[in-house]
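Feature annotation from TrEMBL assigns active site, proton donor to HIS89. Residues annotated as 5-amino-6-(D-ribitylamino)uracil binding site in TrEMBL: PHE23, ALA57, PHE58, GLU59, ALA81, VAL82, ILE83, PHE114. Residues annotated as (2S)-2-hydroxy-3-oxobutyl phosphate binding site in TrEMBL: SER86, THR87, ARG128.
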Amino acid sequence: MAKIIEGHLSAKGLRFAIVVARFNEFITSKLLSGAIDTLNRHDASQDDVTVAWVPGAFEIPLVAKKMAQSDKYDAVICLGAVIRGSTTHYDYVCNEVSKGVAAVGLSTGVPTIFGVVTTENIEQAIERAGTKVGNKGTDAAMSAIEMADLLRKI
Ligand SMILES: Nc1c(NC[C@H](O)[C@H](O)[C@H](O)CO)[nH]c(=O)[nH]c1=O
Ligand SMILES: CC(=O)[C@@H](O)COP(=O)(O)O
C-alpha cells in the first residue's frame with residue numbers, strides 16, 4: 001500500500017501574501033475579493049493575510065519574490081488581469097509574468113500561485129472575475145491553501 005501525502009483545505013494557522021495588480025482594477029479587485037473570501041471561509045485568520053498592490057502585472061514577480069523570501073508567508077497568491085490591446089505588448093507582459101511567478105516558487109520553495117487572468121477581451125476577464133466562469137482569485141486561493149498545507153507535510 002503506497003503512502004499518500006496530500007494538502008488538506010484548511011487555512012488555519014497558515015500565512016498568506018497576496019500580490020495584486022492595480023491595472024484593470026475593475027477586474028483585479030474582484031479577484032482579490034474572491035481570494036480573501038476563500039481564505040476566510042477556510043479558517044485563515046485575517047491577521048495572517050497580507051495584501052500588496054503593484055502598478056501592473058509586470059511588477060508582480062518582484063514583489064512576490066520579496067514576500068516569498070521574507071520567511072513570513074506559507075504561500076504567495078499573485079493576482080492580475082492582462083487584457084490584449086492592439087499591439088504585441090500583451091504577449092510580453094503575459095510571458096514575463098508567468099515565467100516570473102513560476103521562478104519565484106521554484107527559487108524560494110514557497111508556493112507562488114498564478115492567479116493572473118490573461119484574456120483576449122474584457123468580456124472574458126469579467127467572466128473569470130466572479131461571473132460565468134467563476135472567480136480565478138478563488139481558484140488561486142484554493143491552490144495556495146492546498147500547496148501550503150502539502151509542503152509543510154513533506
Ligand atoms: N496592459 C496591461 C498591463 N500593462 C502594464 C504592465 O503590467 C506594467 O505595469 C508596465 O509595463 C510598467 O512596467 N498590466 C496589466 O496588469 N494588465 C494589462 O492589461
Ligand atoms: C496587455 C497590454 O499591455 C495592453 O492592454 C496594452 O494595450 P495596447 O497593446 O493597445 O498598447
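Keep in mind that glycine also has a Cβ here, set from the backbone N, Cα and C atoms.
TrEMBL feature annotations superimposed on the structure.
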residue : record                                           : DSSP (3 states)
PHE23   : 5-amino-6-(D-ribitylamino)uracil binding site    : coil
ALA57   : 5-amino-6-(D-ribitylamino)uracil binding site    : helix
ALA81   : 5-amino-6-(D-ribitylamino)uracil binding site    : strand
SER86   : (2S)-2-hydroxy-3-oxobutyl phosphate binding site : coil
PHE114  : 5-amino-6-(D-ribitylamino)uracil binding site    : strand
ARG128  : (2S)-2-hydroxy-3-oxobutyl phosphate binding site : coil
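Within 10 Å of ARG128 ((2S)-2-hydroxy-3-oxobutyl phosphate binding site), counting C-alpha to C-alpha distances, fall none of the binding-site residues PHE23, ALA57, PHE58. Listed binding-site residues: PHE23, SER86, THR87, PHE114, ARG128. Those with a CB atom under 6 Å from ligand 1: PHE23. Spacing of PHE23 (5-amino-6-(D-ribitylamino)uracil binding site) relative to SER86 ((2S)-2-hydroxy-3-oxobutyl phosphate binding site) is 16 Å (Cα to Cα, whole number). In this structure, VAL82, HIS89 are the recorded positions from PHE23, PHE58, GLU59, VAL82, HIS89 whose C-beta falls under 6 Å of some atom of ligand 2.
Of all residue pairs in the 5-amino-6-(D-ribitylamino)uracil-binding list (PHE23, ALA57, PHE58, GLU59, ALA81, VAL82, ILE83, PHE114), the one with the greatest Cα separation is 16 Å apart.
Around the Cβ of ILE83 (5-amino-6-(D-ribitylamino)uracil binding site), 18 further Cβ atoms fall within 10 Å across all displayed protein chains. Every protein chain shown contributes to the tally, and the Cβ of PHE23 (5-amino-6-(D-ribitylamino)uracil binding site) ends up with 17 other Cβ atoms within 10 Å.
If you take the C-beta of PHE114 (5-amino-6-(D-ribitylamino)uracil binding site) and look for same-chain residues 6 or more apart in sequence within under 8 angstroms, you find CYS78, SER98, VAL101, ALA102, ALA140.
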